[in-house]
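In what follows, a structure is listed as structure tokens, so that the remarks can point back to it.
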């Protein structure tokens, strides 16, 4: 049994997983409804990123860190840019596929993300499998 102070370590990851899955389902349903009415998935993805940026800036301003953050130099900025570019490209591919199929199929395929992550981690030797 977890101590009274350690409950956050057990509960918060589960809450975060549920929140991420709920946001993915909501975004999938919204893009399907918006694309049926003629909205471009490029515009929808841009709106998602703008909303995410605003929420992130709000959270950063509310929970300021007391430690010193690293300076934003070119190597760090380029990594952040590449991660954002990969995420944006992935969302565009998912939304284009969703435009051609159903939200149920998109949800089923998104459940394969942990398996693909594991395969890539093994391939790039971030995770070693002992057999």
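Using the three backbone atoms N, Cα and C, a Cβ is placed for every residue, glycine included.
Annotation comment: TrEMBL describes 15-124 as domain 'EamA'. In the domain 'EamA' (15-124), the DSSP tally of helix, strand and coil residues is 90 helix, 0 strand, 20 coil.
Distant neighbours of the transmembrane segment (12-35): 41, 44, 48, 95, 98-99, 102-103, 106-107, 110; these residues of the same chain sit at least 6 beyond its ends, with a Cβ under 8 Å from one of its Cβ atoms. Annotated transmembrane segment per TrEMBL: 12-35 (among others), in sequence order.
Marked as transmembrane segment by TrEMBL: 41-62 (among others).
Sequence-distant contacts of the transmembrane segment (74-92) (same chain, six or more residues past either end, CB-CB distance under 8 Å): 41-42, 45, 48-49. If you look up TrEMBL, you'll see 74-92 (among others) marked as transmembrane segment.
The transmembrane segment feature in TrEMBL is assigned to 112-130 (among others).
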